[in-house]
Each structure stands twice: as C-alpha cells, then as structure tokens.
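S.K.: Dropping the structure in here first, questions after.
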C-alpha cells in the first residue's frame, strides 16, 4: 500500500520544505538539545551515513573535520582578505629569485597528537608523498629540524595557496607504511590540528581538544559533527537550539535569526556562470560557439531579476573580469568590468546579432537563412535555484529573439557532459580563487593548457568551455612567472579584455553561501569588523581557524 | 508436492533473471562513475592537477568495463556475487557496499517492518469491525483514513515534524537514535534501545497513518461481501453468537485477499521509505538507493537493488507457500 508513496519519493521537492518553513517560523520552543553546553554541534553538509574516512588525500570523500581540524597545512590563507597568510605549522616562507625553490621554516617544538615530534622531516616527507607530488616537483629536503627546501622545475609563485595552504602535513612515522594512499580510510587519524578524533558513528562523529596543540588546547573542548539528510532538518535543529553552526541555504534567514541567538553571514564569492562549449576548433557544436551569440546573451539577460527571483535576493553581482571585488581591487584593469550588466537590453542584443549577420525568422527568433538557431541549456534537476535561473534566462533570451531551451538532467547526466564537452550550455558554478589574486581562475578555467578536445576530459585544469586563446595563454604564462605587481597587472589587463569580450563563461551571479551560528552559546565568531576567516563549517582550514577562536559563553 | 516444486523452479528462474537485469540496467544509464568522481575530486582539490597515480587508482576500481566485453563483465559479476563481494561504493569511496547495506538494513527492516505490520493489523481488525457494523457511524472511519493516505507522504511527515517536534518538542527531529547522548553510535544497552524506539515513534506513525487506509478499506469491503455469503447466513441461522460468526466465519475468510497484499508489502519493506528516511535523516536503505542513483554509484545501486529483489522474491515465495496452505484451492492447477 505504501508503494505509491515510494514513487512519490523522488518528488521530495524543495517546495515541500517551503511549506514547512512557514510553519516553523513562528515560535520555536527554546531549550538546549544536549546536556553539556560546551559541546559545539555542527552540520557541515554531510548526509548519513557518514563515511568513516579521515584520509587527507580523499579531498572529496573524507569527513569535514579532516581538513584543518585534524590535519593542517603549513599556512592559512584567508579568502576574505588580501592579507598575508597566517602561519599554522609554518612560520615563514621565501621564494628564490626564479620561483623554483621555496624555503619554508616551521615553528619549533611541535608535536603530533600521538606525542611524537613534528619536524621538518615530516614536512619534507609529505611533499614527496602521494598526490602531493606535482608534475613540476623535483625534491623536498629538510635541511634542519625546522627548515624545508622545496624544489620545482617551473616557477611556483602562483601555487603558494595550493602548496602552503592546502597540502595537509602528515606524520612520516605513520604514512611511510601506507602504500595505497587513495584506498586508505585512516580511521585513527594522527594530526597536528586543534582537535583529535574522539568517537565515530555513521550518524555523527566527535572531536575533542588536542592537549598537545601548539597554542594549547582550544577553549571549546568538544565538537560534534552531525549527518543530516535535509536542509529542513538542519533548520529545525537550529531553531530549537540543538545545533550551533551550519552552512546552508535558507531562503528566509529571518525565520532562524529572529530569536536573536543565531547570527547569519552571507558570503558571495563563487561565480555561477552559463558555461558554454565555446570552441568549434576543439569540437564544440552549436550557435554558442560564435562569440557574437554569447555577447548577445550576455546583454539579453536580466541579472537583477535572476538574482532576486531564482536566488532569493541573496546572490551577489558577478564580474566579467572574474576577479572578486573588492578583495581583488588591485587586479581589476578596467572599472567597466567590475560587474556584468544587471538589466536586460534586448535592443543591444539584437544589434549585436544583426551586425554578425543573423536575421529574424517568421517567429522573431534570430538565425541564418530563415531558420532560427536553438541552444540547449541544462542544469541538475532539484537544484532549484539553478533550475529557476535557467528558466528565466530562457525567457529573457526569448524576448531578445534568442532561442534557449532550458532543461534539467540528473546529477549523473550533469557532470559527465560538462567534462567531456558534449554540451552546448550549462549552468555551472566556478570556484573562486582562495587568495586575493585571480590567477587560479584564469589558469584553471581560461588557459588553453587546461582544456582538451571535445570527447576528452582535461587532464589538468577545468577549462570545460574549451576556450583557447593564444593571447590569454601568453598572459597567463607571464603572470605565473613573476611576483612583480606591475607585470602581473599588465598581464591580467590583457586577459580580462579578452575574456570579457569572448565570454566563454557568461557570468550570472555570485553564489550566496550562508552560515548560521549560535552567538549565545559561543563567542568569538567572525564578524563584519573582523573577518579573520570565513565562518563556513565545510570550508577547509577556515573551519579550524574559527573553532580555535571560539570560547563557550558562560 | 509438485505444486511446491513448480513454485521453487519458478522462483529460481525469476531470481536468475532479476540478478541479470540488475547487472544490465545500471550499464544502460548514461554517465561514467569514474569521470564523475574525478570531476568532483578536481573541483574539491581547488585546481591541483590530479596525479597519474590518483587517476589510475580511481579508474581501475570504478571505471572497469571499458576494455572488457559485456559478457566478461557479466561472468566477473557473478563470480564476485557468489563470494559475497558487492564492490566498492564510488560516492562513499572506499567504503564497501556490503558494509553500507549491512549498517542500513536493520534500521529499515525494524522500523518499516514494524510499521507495516502495525498498519496491516490495525487495518484488518478495524476494517473487520467497520464492515461488521456497516451503515453505522463507524463507516466514517473509511474516508478519514483514506484522506491520510491521499495526502502526499512528505507533506504529512513535514507537518508532523513541524508540529510535534519543532513546536511542541515532544519528539526528536532527526535520526534513528539520540546522537547527542550516544555520540559513538549504537551500543547494546537498554538506554540505547529506548532511545531508538523513541526516535522511531514519529516516523512509524507517519507510515501507519499514510498506509492504514488501504488495508482498512479493503478489509471492510471484503467483510461486507463475505457477510452475504451463504455460510455466514447459515451460521447466523444456526444461532451462533455474533462474536463467533464475526471472527470464525466472516473475518477469517475476508482476510485472505489482504494476506496476499501483505506479502507484497512485506517484500517492499526492505526498499525502505525513501521519503521518510530523507525527512527524518533516518539511517535506512532507501536513502542509500537515492544517493546511489544520483551519484551514479553502480556498485551501490546494484547492491541495494539486489537486496531489495531478494527480499521481495523471498517474501513472495513465503507468502505463496503460506497461501497454498491456508487456501487449498490455489494448489490445484486449472
């Protein structure tokens, strides 16, 4: 008898959550969920069953506490500011003149959580182990107990945030015996971070203060990470005071913050774009391979309406320069490129297309030889903000005489074509560079070296637009080989002019990422005036920095 | 005896067909799990080039099949299956599928199983009573329960959570047990069992509420038609007590068709209730299935489907045997 219900299952839509939202918003019953007030409870987004995996090399499948909380990189790069990185294990670092040698000094008298000494040998071992060895890596040598010298074949100026900020230092005395680093689950992690694993189950796991942590054990003695399967559950637990910190989308944040004990922050960093398969030379097919069509779409869409209707007014304005403003202020070459047009201009879109030789067919849609072109735009089913945005884009483009068909696909059908290039346009989120320098955006998404022919997956980089432009490639190479600000600015100006004209990725909005945290039970959270780290519980390293700043409020 | 032999042979063939289909179906879906995992890995690692070693490690485990013929894959699939090896999950890499299923199965079987049995018994007993007293005020129970059945399940569950858990605070919001009290997971203590039962009440209630109407309606109608049968009239004419007529003559015969339905419902217990598990973050198997399908996790998908297929077949086989026993008419062919 419940069989019909099961087929409804898949239809568990966000719409249902919205209904309950209205009901839960009223007067939540207060009350502490747990017994011990000093335990901080987090939902970092994991669903049950939680994977028992603390392998710092499993960046996609290991649990959140692995990154920063248990294992640490050398330095912390705050993606919210342009300030110099903060030393964790590392104390200072210096590049050689040619950028091929990097000398790192680590702090003295460090300990692993099992009591062994953490020395430069461990750091050197880490850089020569597993997937940390990049193509350009030559050697890592510990010259004394606190100094490590890393040598590469190419200048490494631009990879500081990867090398120093997201290479997790592992103890040699344990990992030296592990051969298959990808299949390792590391259920008893020994790290250097502020916390050590206390208990694990597939519904929740708990970490406790590391007594051997270099700055002394953190004030919050226990942190419990929960596995939850829906945003609605998390929101319910938040309003009833049972969890203290979550990073999730809540369309109506007032429903949670109304009581005053929960505070929210909304950071807008990662650009959502219409990623196009842009390069006919590499095998892309469709009208969107013509830059004029992409330019027309760029001016035909009404970003203000999209941000408002599809993203609940929480998204930010994206920039065709793919810099993050105001953080990357010094790298923006032209103030015109600070943000994309926010309002639709159908007339301009039409003019661009007509100048490129397109004419309207009987129904008013542009095409050649009397047949209108049609472009396919897909987004993953159930990502309601993306689905709504795609629908709006399709309608707005139609007003300008451009036929875009929005459709939704399953998760599986989403990732594969994007990587293989077997698509025309997709709504796709790019990842913002985590340092105040757009280099990684340009290298990752726009460089010809980061792409591959249609049908193949890029081996390096994520240039899924298949964009390839020798001018951009030259400038990316030039910017990567120098630390000189003026040279870099010149290179970036070239890149920005090219990509803002060619638009292989048509910027739509900057995604909202909301965090909610309990300021009544814990103090020391990042605030408007002191954004020492992004308060997102799923963000590697920043989460640990926040945790070690907190104190129980009583 | 040949009735039972025929049934056994029939079920063996069905089993083979089901397992073969289970092998074939995921391979007909678009997408490549290795490509998906590599893509996610690449995004997650913030642009670090993936090393050859990493790519090899992943494709060798997940991408197998590109160079193998379908037949060789099929033979290898049977070989692994007979050893009890269900493979490695790609979405929960490198957890083994067998472990994931073993952890989820007890929760689903106990909660959905008990809820299904309660719903069935409740429906049969109340249905028999309502049918017996047809035409009285009791008949109003039928539309009331069917309304609950026609409300979309997720909506019903969300409303109950909003009212009883969030507003009134009577029941927990999520989980199969109190993760705050038992941070290390299940343990063999009464306190834990109590916590698990407490956490099961609301989800079980939602299942019972949404399914009892069907049983009740079916039973009531069968009861009404059975009561006009000659043997019931004869029993009444003989002057037997109404209680005896109701239980021994009418209810027993009226329940037979429902029993067949119950067998099928029991089989589907293992498929879990995807929506219930999603709403309550309940650690069951329906959720594994959804995650597997969304993440194109072939191994997990096959493992879950296999377990579901086996239980549905087993439950049906069992009910077939029982049915042949209770109702001898089915043992005679043609």
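Each Cβ is built from the backbone N, Cα and C atoms, and glycine gets one as well.
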S.K.: Looking at the candidate ranges B:153-177, B:228-252, report the one that TrEMBL labels transmembrane segment.
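M.R.: Comparing B:153-177, B:228-252 with TrEMBL, transmembrane segment matches B:153-177.
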S.K.: TrEMBL tags one of B:71-91, B:197-217 as transmembrane segment - which one?
M.R.: B:197-217
S.K.: Sort out the residues at least 6 away from either end of the transmembrane segment (B:300-326), same chain, that have Cβ-Cβ distances under 8 Å to it, and list them.
M.R.: 3-4, 7, 11, 14-15, 18-19, 22-23, 25-26, 81, 86-87, 89-92, 97-98, 100-101, 105, 256, 259-260, 262-264, 266-271, 285, 288-289, 291-293
S.K.: State the non-local partners of the transmembrane segment (B:153-177) in its own chain: residues 6+ outside its ends, Cβ under 8 Å from one of its Cβ atoms.
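M.R.: That would be 107, 111, 186, 192, 195-196, 198-203, 205-206, 209-210, 273, 275-276, 278-284.
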S.K.: Based on Cβ pairs under 8 Å, which of the stretches B:9-29, B:104-132, B:197-217 lies most in contact with the transmembrane segment (B:254-280)?
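M.R.: If we count Cβ pairs closer than 8 Å to the transmembrane segment (B:254-280), B:104-132 scores highest.
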S.K.: Can you tell me which parts of the same chain pack against the transmembrane segment (B:9-29), counting only residues 6+ beyond its ends and a CB-CB cutoff under 8 A?
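M.R.: Counting only partners 6 or more residues beyond its ends, the transmembrane segment (B:9-29) has Cβ contacts under 8 Å with 65, 70, 73-74, 77-78, 81, 296, 298, 301-302, 305-306, 309-310, 313, 316-317.
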S.K.: Which residues of the chain, 6 or more past the ends of the transmembrane segment (B:197-217), have a CB below 8 A from one of its CBs?
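M.R.: Sequence-distant neighbours of the transmembrane segment (B:197-217): 110-112, 114-116, 118-120, 122-124, 126-127, 130, 141-142, 145-149, 151, 153, 156-157, 160-161, 164-165, 171-172, 175-178, 258, 261, 273, 276, 279-280, 282.
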